[in-house]
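Note sheet for the following structure.
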Amino acid sequence: MNEKNIKHSQNFITSKHNIDKIMTNIRLNEHDNIFEIGSGKGHFTLELVQRCNFVTAIEIDHKLCKTTENKLVDHDNFQVLNKDILQFKFPKNQSYKIFGNIPYNISTDIIRKIVFDSIADEIYLIVEYGFAKRLLNTKRSLALFLMAEVDISILSMVPREYFHPKPKVNSSLIRLNRKKSRISHKDKQKYNYFVMKWVNKEYKKIFTKNQFNNSLKHAGIDDLNNISFEQFLSLFNSYKLFNK
């Protein structure tokens, strides 16, 4: 994604009142180190530096980097990096959290990047509401990949009126909490295969008819359109047993 396309997709929240309402749902303290995805004009960055130990803002737009630095001139616990988040290398040897009001058009790429390429223990993102709902939909491959690594929660609605320019849809503040991976390293490839066959409804490629019926019964599934992640893991574990 080049700089021009990302700039044209940005929607800013600048009202102190609205920012404060969002920040009340984010667990931060003076010991936290934060990576901010897209500092924009620095309005959220300012709130973060006042609450946290250190903030690293990653912003692809050079002009917005300067705007953010000027807004934070009275603070020294931050740095603004003029980089593309999709190319950024997160540290592997320190504790940190991530916050971002991320562009709608690259939300999937960003969320994959930060879940699979960072070690952040808590991630807070403002995303399009429909996208947030898809992250909780076990009929979606992205949701099934993410749920193996993080617990996903929708914390609050963020009305479209908060933004400028005003988008056509509302947004949500979501939280991703890191957990011990539910899939062992040796099973990752097998899990990826199972997920893709499942979401494409290619059941015959992963189960015989009897295996499928027994697996559904063992998982307590009555409706294929309404299964929990735990039930999905039960299906995957059955698949592994049948394919030792």
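Using the three backbone atoms N, Cα and C, a Cβ is placed for every residue, glycine included.
Not measured: the values here are computed from a predicted model.
Here is what Swiss-Prot records for this protein:
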BINDING   Asn11, Ile13, Gly38, Glu59, Asp84, Asn101  S-adenosyl-L-methionine binding site
Statement: Under a three-state DSSP reduction, the secondary structure at Gly38 (S-adenosyl-L-methionine binding site) is coil
Task: Just report the maximum Cα pair distance in Å for the recorded S-adenosyl-L-methionine binders Asn11, Ile13, Gly38, Glu59, Asp84, Asn101, no decimals.
output: 21
Field: DSSP state at Asn101 (S-adenosyl-L-methionine binding site), helix/strand/coil
entry: strand
- request: Going by DSSP, give the three-state secondary structure for Ile13 (S-adenosyl-L-methionine binding site).
  value: strand
Message: Counting Cβ atoms within 10 Å of each candidate's own Cβ, which of the binding-site residues Asn11, Asn101 comes out highest?
response: Asn101
Query: Which site among Ile13, Gly38, Glu59, Asp84 has the most other CB atoms no more than 10 Å from its CB, taking these as binding-site residues?
result: Glu59
Field: Three-state secondary structure, Asp84 (S-adenosyl-L-methionine binding site) (per DSSP)
entry: coil
